[in-house]
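The structure appears below as structure tokens.
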Amino acid sequence: MAKDPVRVLVTGAAGQIGYALVPMIARGVMLGPDQPVILHMLDIEPAADALNGVRMELVDAAFPLLRDVVATTDVTVACKGVNVAVMVGGFPRKEGMERKDVMSKNVSIYKAQASALEKQAAPDCKVLVVANPANTNALILKEFAPSIPEKNITCLTRLDHNRALGQLSERLKIHVSEVKNVIIWGNHSSTQYPDVNHATVTPANGEEKPVRSVVADDNWLNTEFITTVQQRGAAIIKARKLSSALSAASAACDHIRDWVLGTPKGTWVSMGVYSDGSYGVQPGVIYSYPVTCDKGQWSIVQGLKIDDFSRQKMDATAKELVEEKTLAYSCLN
């Protein structure tokens, strides 16, 4: 029996990430090869022509799963009845701008979009915030959409998670599917902590082994590996002269797919979620944790041993999130 279509909102849909993301959703990469979708695309008025161009291309691509396209600059229309919301649109930091300036712009954007989701979205709507500062934008959205369950508002750290897997697979000259259970702790920023202490490598027809013992270079894992993952976005901007759109779009699909369809047994992924105090992180911030997903719900992986090195890194990124929260709330006044 054919499934009912799922309504998926993409904000900032005429931008670089949006342009990479919407065909992936229409092709079934996000929700599965048998799930029809109705795409809701939102962008700002100056991007209306570009947005219409994206809509035209979606029609021309003749995706079998794509049942309809709503392309609009009206946030109320965009949010109506959506089941999944991928919040890509935001105000980017420009040269010479202070953090408070960027935060102030994004607070007003996310406050308005939260209000529209609150009134218009489906009651079980799952929200993924991609636009930076992603953790704090998600927190603002949560504050202004109180009827959306806090467990349904997340931010993207899957890109960092995937980057960590990619670095390890390149270092070990193995396929990326043979590495699992890295963790991104904390903020989607340069303070994030990519943790390999619980990650494993399982070569084809081989025995599962800890990443640390296979890499056999603690110095690299504790220094260059961490900074490479932390700074990867900046490195791509330097190389491409544009931000990482393709990999961000792919990670957004991974995030939603695992959330909706479940993580493979024995595997966890990284998601920015509302902290409940797990691992000594202050409640009330959106913090990246290792999670497993089942039946559309995520759960933080509990009971992992945290060494002193990790504790310091986890606390430093938590401290930055508390500072960002304070800054964001000062912009509300």
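Using N, Cα and C of the backbone, Cβ positions are placed for all residues, glycine too.
Automatic, uncurated: that is what TrEMBL annotation is.
Sequence annotations record features per position, and here TrEMBL assigns domain 'Lactate/malate dehydrogenase N-terminal' to 6-153. Annotated NAD(+) binding site per TrEMBL: GLY12, ALA13, ALA14, GLY15, GLN16, ILE17, GLY18, ASP43, ASN106, VAL130, ALA131, ASN132, in sequence order. What TrEMBL records for ARG93, ARG99, ASN132, ARG163 is substrate binding site. Sequence annotations record features per position, and here TrEMBL assigns domain 'Lactate/malate dehydrogenase C-terminal' to 157-326. TrEMBL lists HIS188 with the feature active site, proton acceptor.
Within the same chain, residues at least six positions away from ALA14 (NAD(+) binding site) with a Cβ under 8 Å of its Cβ are MET41, ASP43, ALA47, ALA50, LEU51, GLY53, VAL54. The shortest Cα-Cα distance between GLY12 (NAD(+) binding site) and any of the recorded positions ARG93, ASN132, ARG163, HIS188 is the one to ASN132. Summarised by DSSP class, the composition of the domain 'Lactate/malate dehydrogenase N-terminal' (6-153) is 70 helix, 28 strand, 50 coil. All protein chains considered, the CB of GLY12 (NAD(+) binding site) has 24 other CB atoms within 10 Å.
Here the Cα atom of GLN16 (NAD(+) binding site) is found 14 Å from that of ASN132 (substrate binding site). Residues within less than 8 Å, Cβ to Cβ, of ALA131 (NAD(+) binding site) and separated from it by at least 6 positions along the same chain comprise THR11, GLY12, MET87, VAL88, GLY89, GLY90, ASN106, ASN137.
All protein chains included, GLN16 (NAD(+) binding site) registers 17 other Cβ atoms within 10 Å of its own Cβ.
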